[in-house]
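Undergrad: Please read through the structure below; I'll follow up with questions.
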């Protein structure tokens, strides 16, 4: 039997490329050296000399060395310059195409297996005629891959060998790509098995399924066939297929898919017009009907089996005229795969991608001479700007008179793309929401494609976009069997017949339409998951329609509208008022507004910001219950599951706002102070709470004075010895710049004295005019206001420069940067500027602060907060909002946190700088300059390099304080990747234990010693990931907080912080100390391996060491037992126990 090659395109699995951009460039260069330069060498110089089996380079003459480039080389250079941002992008594209294309060995395996299967199919035994419902001839436990509802079906059936076996799909076309290789084989059912009227009442689909079962029974005995399973083509239950794997070690290298098809021309295409009926009501329901509704989806399923050969011939003709056709399709498949659009029911499959390119070529919208890069770009441009839900397209050139018109297709289907025959809508199962998602993704891709500041290749083709990381909110319909009630409620019997009883696909378009109406302007995009193709053993019955994962819906929120608790409708006397009342039911009521209008309105519950963010949840559950009979218990809303991690009273927005309002009031009062020798030039906040990013913002406190002792002179409150540690009160840093004047001294000590005098004067004036309790000190002024403490620090703009200056013994002025000047400049200039900038970012993106709080809570919980500082974490999160490609800026804390983990775990910190373009001040030239400087100075720069408009070369935010070493960054990356791997499936999978705090619990196994702290003396215990049930009084009372007056509280007192500082000071050369600053009760200790290297005995170096004598030499090693005892002694009253966790060290 002859094997023909004919198509239906296959999807590809997620592309996983291990090479970085640099590695890809190197591979591309080496491959081009081997393939392209070989002939050039042969032409221009002598061949290499082979000596002892090694190739030796031959010196070229001066003429050969400086010979002008050939015409082909010039064309390649011109193409790279005009089409790509740089030659690197061109090489990346080429390497990607090599990565996804099939190797010759794989093709040989496929051809061999196809030949073997074809030979087996030739020997299918002939059976006698029997009733269609009689399946007794099937043996060996093989089942029919079809849900036989209703059971009754007319007709005869017998088994016979196929009349032809034809290779179809992407493999013969050359567009089959890795991974997930699928090869399609069309098996033509003999004409005498079928009947011309089999199109009616599912007779043909049932015969098709029974024929596949017969093939499975025959092939099961063959040793040349590996595993066998059933599936459905793009999830269509009317089109089951048989999956065959090769035996042995190659079983996972590819899948052969057997399609049972009718003989060519067996059915008339006109029989399957979208307005014709092929499922009779009396057969399906047992009830007579005077009107038979059309069955367009059923008709298109049967038509799809009739046309694959014609489609392959058409695509083969088109692709033969365009050299880059196969590569263009491969790139489009990768793009679709990364966005999870190419698999499942109603997907935009690789077959549709091939047909789209063929349409663009046949309409001359793209040229036959274009490259794969250009074909992909033009395809995305077409998708972005052409709405096939309104204006369908057709490949038919002069179809016959019986073919439907585009208008007729639009009445039956939501998306219209007609094949070359003019009879089949290839997008019959696609919903309008899916196409809108394709449009949105194409438009988004074009936005950053030409942006030279974005790595377009990775954003476009290398970054996966799962729904949970793409949509701001996600919700799921869990008990899909409830959709049967939905179909009944919506009276969808005709549509249910058309979908052959698949109530999930029947109800889906109506649910989407209902939600679209209700959500309105609150969402920019509504998406839904594509039901995955089911797979089951040939020995099992076909799964029921509800045997699939929950139906997931994604919301891309409009931040300006989504949190509104008011749904304002039309005026009461408007004709649309009745429609509004029908949509919202009992929730709709008449309301009078301040402008005098009386309109219909719906008011949702929500007082705090986190509650208002979940208004869409109330809206969705109400609509589904009212119109679709889907109870709230069936709706699983994934939008605020992480809020509890940062929630005390709320998720911090209201507390941060109170802090900002109190600060604004203090700032105004500072500006209006009179009596200062110099005027104030600026008042700037320099605390995370003033940019809405403090994990747990300060809250106004009313103190219980009886809980404290009093300081004798100032009568300020001090901790009581026998009581628990008092509440922690964080000082909110405020920088107050004074005007420049010739009166400022030029001596560092004198400047400090002047600043101390200003602190005293400011305190006296604030107490005199506003009755605030103030406590001046040489370095700052603490102000007790509104139950909060503001720490005002006077700054002089020339002080950092004074600190850099010194005079040599010879009298020369030396200007040298130093740590003291850098720290002062950071505190008084750079941090206030950063706070102001990020405060503005919070105004643009309301969830920015919440994402920062989640990110920093995770860093703290995983004991990384000393390695990645608060400022660094805020900048990392800011980059997600300023350079979100390939996503849109996060619209919820949850999706922002997931992208933060993805950024940490996937960014190439070794080879790339992370550029945070605050206020869009950096140009493309700046990006290039930053990249070049980074590459030139990489070894001397921090392992995590972050550039901002004010810091392009040094990365000040990651180079100060406890420096992040390469090993710690590697651990951060690893833990972030593991956290993402755990959290995303947990959010989407209802079968997993729902405990999102699991990613906040650090693994303590790697640490050598654990110092357990007494919860009584941990002032932030309530902020712990798992706070204990026992609580301690911390000296605060409930009730209204006084604005002014009162004794000064205990400020910035955290025993754990002081203990940690003493440990690092005493043992920092021997160990690393890790702690969760948000209520942690364990300090984890990791010994430094180099510290345990024996040292020669010296009496001056015996601190925490003991002597070991071997022979005549004496060495010292750390005395671990004494060190652990020191841990206990130093933390007396705070340390509960010290637990050694390893036997690697001598104790």
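Just so you know, glycine gets a Cβ as well, placed from its N, Cα and C.
Annotations for this protein, taken from TrEMBL, read as follows:
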{"type": "COMPBIAS", "residues": "20-31", "note": "compositional bias 'Basic and acidic residues'"}
{"type": "DOMAIN", "residues": "183-320", "note": "domain 'Nrap protein'"}
{"type": "DOMAIN", "residues": "324-463", "note": "domain 'Nrap protein'"}
{"type": "DOMAIN", "residues": "470-628", "note": "domain 'Nrap protein'"}
{"type": "DOMAIN", "residues": "648-843", "note": "domain 'Nrap protein'"}
{"type": "DOMAIN", "residues": "845-1001", "note": "domain 'Nrap protein'"}
{"type": "DOMAIN", "residues": "1004-1138", "note": "domain 'Nrap protein'"}
{"type": "REGION", "residues": "1-51", "note": "region 'Disordered'"}
Undergrad: Taking DSSP states H, G and I as helix and E and B as strand, how many residues of the domain 'Nrap protein' (183-320) are helix, strand and coil?
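TA: The domain 'Nrap protein' (183-320) comes out at 62 helix, 23 strand, 53 coil.
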Undergrad: According to DSSP, how is the domain 'Nrap protein' (1004-1138) divided among helix, strand and coil residues?
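TA: Tallied per class, the domain 'Nrap protein' (1004-1138) gives 37 helix, 36 strand, 62 coil.
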Undergrad: Can you count helix, strand and coil residues in the domain 'Nrap protein' (324-463) using DSSP?
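TA: Reading the DSSP string over the domain 'Nrap protein' (324-463) gives 73 helix, 5 strand, 62 coil.
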Undergrad: Taking the domain 'Nrap protein' (470-628) alone, what is its mean pLDDT?
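TA: A mean pLDDT of 92 is what the model gives the domain 'Nrap protein' (470-628).
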